[in-house]
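Novice: TrEMBL lists these features:
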type	residues	note
DOMAIN	1-165	domain 'CWH43-like N-terminal'
TRANSMEM	12-30	transmembrane segment
TRANSMEM	42-63	transmembrane segment
TRANSMEM	75-97	transmembrane segment
TRANSMEM	109-131	transmembrane segment
TRANSMEM	146-175	transmembrane segment
Amino acid sequence: SKCGTLPPESCFFSLICSLGSFMVILVGLLRYAHVLERVGPSLLNTLGLAAGWLCAAGLTMVGNFQVDHAKVLHYIGAGVAFPTSMLFVFLQSVLTYRAAKTRGHYWTGHLRSILTAVAFVTLVFSGVFFIQESFVLQHVAALCEWVFIIDVLVFYGTFTFEFGAISTDTFLVLLK
């Protein structure tokens, strides 16, 4: 956030966060449709969709309200984006096991569970270090944030296993 407070960096930071937010919305909807097609209606699946979309809203706020100019709004966005992102990956890990039918699906679930655990640990450390007065610990918090974000991006990458099988039938499920 600190690196993206002045133009032109702030413009790129806003653009990246806005595009990322759009991608989170699309991935969340595709994943929702995929699980709906395989398992049927599920409260966990609906919660996963809601968590993903709330994360996207928070990410939009983070990107468009720079920390040096609109600190409260920036932190509200971060306070929405980070926990809902964590909730999203947790729910998707659970849904992976619920929808699993083959050994490969279970291995995908194991991989996602490991990524979820890493995300949780780095998110907790980021929060703990962020509130400290120490300049060094606040930098460690930023490092933990980056590890969290990279971990979540890798998690999103694991959806390629399922998204390769998406067809028009998957989209038709949304219309029912």
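Placed from the backbone N, Cα and C atoms, the Cβ positions cover glycine too.
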Novice: Which sequence positions outside the transmembrane segment (42-63), separated from its termini by at least 6 residues, show Cβ-Cβ distances below 8 Å to it?
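Specialist: Contacts of the transmembrane segment (42-63) (Cβ under 8 Å, skipping residues fewer than 6 from its ends): 1, 4, 13-18, 20-22, 24-25, 27-29, 31-32, 35-36, 73-74, 76-82, 84-85, 87-88, 91-92, 94-95, 98.
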Novice: Note the mean pLDDT of the domain 'CWH43-like N-terminal' (1-165), expressed as a whole number.
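Specialist: Within the domain 'CWH43-like N-terminal' (1-165), the model's average pLDDT equals 95.
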